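S.K.: Let me begin by handing over the structure; questions about it come next.
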Amino acid sequence: MILKLYNTRTRDFSELTNFENVKVYACGPTVYNYAHIGNFRTYVFGDLLIKTLRFLGYKVNYAMNITDIGHLTGDLDDGEDKVAKTAREKGLTVYEISEFFTEAFFNDCRKLNIVYPDKVLVASKHIPIMIEVVKILEEKKITYFSNGNVYFDTSCFKSYGEMAGIDLIDKDMTLPRVDVDKFKRNKTDFVLWFTNSKFKDQEMKWDSPWGFGYPSWHLECAAMNLEYFKDTLDIHLGGVDHIGVHHINEIAIAECFLDNKWCDVFVHGEFLIMDYNKMSKSRGNFITVKDLEDQNFSPLDFRYLCLTSHYRNQLKFSLDNLQASKIARENLINKLSYFYESLDPVDLNTLNKDLKNFGFSVEKEYYDSFVEKISFDLNVAQGLALLWEIIKSENLSFVSKLRLAFIFDEIMSLNLREEILKNLQNHDVVIDENMKALIEERRIAKCEKNFKRADEIRDFFAKKGFVLVDTKEGTKVKRG
């Protein structure tokens, strides 16, 4: 089935008809601190997109950048590089800071079951292409040099700001995250290459035709995209806060460089809201994955919370909401564990084979419904609701419910199979009346020293995948 996504660039839905080589780029972290769960809501959304594409049969080439050079705290040329600022505060080099927080970021991604990109583009390793892009734009007379910095002249790009609804004629409009800069020709102009900034002791600087300096955040992403994906990009991911400045600046750089349209589809995830504000490091109201773990939450509790809301809706975060997600996830695992422990060896064997080899039409109907939901703008929240409907259904066998749950989990990534097995190892198996009778017969046989019969009953349970454990409280049945 073809995936349809809401395209911020066209303000309409776009169908992805190319199945062969879908080029996807996500704006990664600026590695000057731990990423917070507001950031990770966006990365979970990106993960759901990549897994949905692959689930539907698309061949995906997925890249993410690491901004280790940092970007300015504001858009002014006298702002301070975030990575350099943290390095100075901690008495470390910028390389040590960026390496530490890059590793921390991907460790948290693993805990959240976020897929690792096919290519990680580290900004500091791609300086030559950034310089080359600026040189080409300079040759096209799209840049100007002012106060030691190279600026992009947005008046040269007639469609500048269209995605964000910015009107270049309105000179008095207030732009998000853009400060007044007296060295700009136009309010919307932005720096491509800095040689003059407030932080004079910055460690990351490179020689260029314009002097020793470093690239802007916007140039980094655009140039690395152009180098890795060449002349086209299919899908660009990011948060809604990227729309008004960063992504429209990327479009301007790339399309002026190519003299052609660059990226067809831009997809943006909404904020995670805490106390009626978006979560951000600058506001100081952020929570990390480790903070959740310290309060006895699993990172997968947060992932479950993310699954309950569509990516284009703001998601309110509170410990109460997270606790509700924790309880729901544990209930889901407990119900599936009950189904699983009730299976006979034949059904267990079936679950280890082709999951999509449906034996009943009702299974296929539920599967098709799930595919339909995720194919329309990643409606995973409806997919999760469908899973609960399946759990409660009286028209499906236990093996059918488990089969569908495991299929859905290829996208939801809640580790359902692993969590079930872990759950069963820690809990006694629920047994039926026939099993209870056999256990009682074995107890009597042992009392009568009829060890042959006792062993026969033990072996009978073993063939079904169970282990009998004799305790002071009686015989317990566990999975083998």
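In case you wondered, yes, glycine gets a Cβ from its N, Cα and C as well.
Summarising the annotation, Swiss-Prot assigns Zn(2+) binding site to Cys27, Cys221, His246, Glu250. Under the heading ATP binding site, Swiss-Prot lists Lys281, citing sequence analysis as support. What Swiss-Prot records for 29-39 is motif ''HIGH' region'. Residues annotated as motif ''KMSKS' region' in Swiss-Prot: 278-282.
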S.K.: Within the same chain, where does the motif ''HIGH' region' (29-39) have neighbours whose Cβ lies under 8 angstroms from its own Cβ atoms, ignoring anything closer than 6 residues to its ends? I mean 6 or more beyond.
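M.R.: For the motif ''HIGH' region' (29-39), the sequence-distant neighbours (Cβ-Cβ under 8 Å, at least 6 residues beyond its ends) are 66-68, 70-71, 82-83, 85-86, 97-98, 100-102, 104-105, 108, 217, 239, 271-272, 274, 278-281, 286-290, 292, 302, 317.
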S.K.: Which residue counts does DSSP give the motif ''HIGH' region' (29-39) for helix, strand and coil?
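M.R.: The motif ''HIGH' region' (29-39) comes out at 3 helix, 1 strand, 7 coil.
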S.K.: Would you list the other residues of this chain near Zn(2+) - those whose C-beta lies within 8 angstroms of the C-beta centroid of Cys27, Cys221, His246, Glu250 - in sequence order?
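M.R.: In sequence order, the nearby non-listed residues are Asn65, Trp217, His218, Glu220, Ala222, His236, Gly238, His242, His247, Asn249.
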S.K.: Could you list the residues of the same chain, at least six apart in sequence, whose Cβ is under 8 A from the Cβ of Cys27 (Zn(2+) binding site)?
M.R.: Met64, Asn65, Cys221, Leu237, Gly238, Gly239, His242, His246
S.K.: Write out the long-range same-chain contacts of Glu250 (Zn(2+) binding site), meaning residues 6 or more apart in sequence whose Cβ is under 8 Å from its Cβ.
M.R.: His218, Cys221, Ala222, Asn225, His236
S.K.: Return the count of C-beta atoms lying within 10 angstroms of the C-beta of His246 (Zn(2+) binding site), excluding that atom itself.
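M.R.: The Cβ of His246 (Zn(2+) binding site) has 21 Cβ neighbours within 10 Å.
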S.K.: Going by DSSP, give the three-state secondary structure for Cys221 (Zn(2+) binding site).
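M.R.: Cys221 (Zn(2+) binding site) sits in a helix per DSSP.
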S.K.: For a quick check of packing: other C-beta atoms within 10 Å of the C-beta of Cys221 (Zn(2+) binding site), how many?
M.R.: 28
